[in-house]
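Enquirer: Starting off with a structure, shown below.
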């Protein structure tokens, strides 16, 4: 058994030696005792029996190693070590594979060659063809002593429920044999040569074929896991085969499903250290990627997500000679946080409050876990705060409150936001108006409010005589909490003496009046600066002949800014 993995030479009675497969060395220090059935390396100290050797070489559990050795020896093991699968089920699949491979020459072979596959690759992946007839496999089985029951159990026949007649399940299809991670032939996938539907057809669920637990190509790709090779999960059989042919030998594919929790558990058990999800850029591909990311939450391996830059699937990209595009996609894969944030941003945008709301709700399921050990959730919250300009403490308050179950309003967002300088000035102005609403009459009605909550209050507060009048307007609405906070802040200026209640009220009102004047000047300056910035950007794309007029406008605005500043200093 060891000799299948290590080149061994005699080293004395009952002993063989070779280069250790578990560490790099130039002089053989690995020995096998053929009489006792043990191995030992004098270099890295690895040792054990045949089961331990297979476990370590193949990254298998004891049960999987036992099944592999039992299959090799032709022994059927007790069901407690694994699923109860009759050995002849695998043999029936092998019989069908021989039948399919014998019918490959012809249109099916031409199709595969046309997809860029070499004859060597076609042979390595054991591709075949199911003839377009109703009972070709069934007729052959009858001559070879394979029963209808066995074919039905293997999912190779379909029974008509009305008349009980059986016929071949796979007809007129290129056949892809599907092996589990131990290399056992558990089923097939079939693809039509034309555009008829369904394009793909798999073996139905059987004792051996569990679609949610299988990854096509894993029997070949797993050999690199011991050296830390990265697995690349793609969408289809042809993607896997083309990737392997072009040297991307870590490619595997799920069988028409997104990555599942069972897949994640299997990959962990096999010692996977890193995987990349490389699905198509369409809506289905995005959905499969996000679903796959959901299933590997908490996995011990690193997960990234990417897609081919050209928008093609890997097989078509490689057929077009775009090996570089595949390498670029693999090199540029995004971690879970960056991928989710990018996907949500591209889907909804963050230029509007509606877009921000949708992005936040999209990210909520993954960032609401407050377990300190969930680093991804923490990073997701940090990314959301940075992207949307949200205060971290405000985001946590929202996540832990019932508010997250409601639709986010503009005011919710405003309350969570890290306000810009202009918005801070607007909130400061509103703070003072809550001290004395009559000061509202002093405001320039042309001011463009940036903060949505401020805009709503300013419009609704016209004619209010007291702060209570304003609060009554927004009683029970999202703006109420913001107004209460600002009202307390406006009256607690800190620098005002509270010698007497009457004197305090006079000082607060006087302070508020001066503050309104000052803040209004600041807002005017902010608005002028915004206009200057827009004109400067416009200047970069303006023909030289038209730049003089823009420069003149910029100079005039800058003079207006200086005039506002002088007015403030003189007041």
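Going from the start of the chain as shown, residues are counted 1 onward.
Each residue, glycine too, has its Cβ placed from N, Cα and C.
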Enquirer: Could you tell me which of the ranges 20-44, 45-69 is annotated in Swiss-Prot as zinc finger?
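Expert: Of the candidate stretches, Swiss-Prot labels 20-44 as zinc finger.
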Enquirer: Counting only other Cβ atoms and using a 10 Å cut-off, which of the binding-site residues 235, 280, 282 scores lowest?
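Expert: Result for the binding-site residues 235, 280, 282: minimum number of other Cβ atoms within 10 Å at 282.
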Enquirer: Which residue counts does DSSP give the domain 'Toprim' (229-309) for helix, strand and coil?
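Expert: Counting residues by DSSP class gives 31 helix, 18 strand, 32 coil.
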Enquirer: Can you tell me the mean pLDDT for the domain 'Toprim' (229-309)?
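Expert: A mean pLDDT of 90 is what the predicted model shows over the domain 'Toprim' (229-309).
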